[in-house]
Amino acid sequence: MKTLLTILALTLVTLTTWLSTPAFAADIADGAKVFSANCAACHMGGGNVVMANKTLKKEALEQFGMNSADAIMYQVQNGKNAMPAFGGRLSEAQIENVAAYVLDQSSKNWAG
């Protein structure tokens, strides 16, 4: 009986750990590097030098439906209006990382 309880406990711990681990984890530090090299010229500090009202600040992202990694990744991949498409220049992982970085920074009001 004691062995059965031990096996059950180990199985439960293993499943809990496995199920709580995300399928992928974005690298925010890499996202910061990608942002600095590709986005900061127009979006320094979460701003927007081309369209002043479409910033990367949390409120603007929410207002324009861009407050998810998927939405940001789509925009980076495909571009829109004055923003060029980066799909041919950045890898999928880099795009995922920069989206995570933007969301992370917007949650901190771009305060670092």
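Note: Cβ is positioned from N, Cα and C throughout, glycine not excepted.
Annotated heme c binding site per Swiss-Prot: CYS39, CYS42, HIS43, MET83, in sequence order. In three-state terms derived from DSSP, HIS43 (heme c binding site) belongs to a helical segment. Of all the Cβ atoms in the protein chains shown, 20 others lie within 10 Å of the Cβ of HIS43 (heme c binding site).
If you look up Swiss-Prot, you'll see 1-25 marked as signal peptide, on the strength of experimental evidence.
In the structure as shown, the Cβ atom of CYS42 (heme c binding site) sits within 10 Å of 15 other Cβ atoms. Residues CYS39, CYS42, HIS43, MET83 are the ones the record ties to heme c, and the longest Cα gap between any two of them is 11 Å. Mapped onto three states, the DSSP output places MET83 (heme c binding site) in strand. Residues within less than 8 Å, Cβ to Cβ, of MET83 (heme c binding site) and separated from it by at least 6 positions along the same chain comprise CYS42, VAL50, GLN75. For the recorded heme c site, residues CYS39, CYS42, HIS43, MET83 set the reference point as the centre of their Cβ atoms, and the other residues of that chain within 8 Å of it by Cβ are ASN38, ALA40, ALA41, ASN48, VAL50, LEU56.
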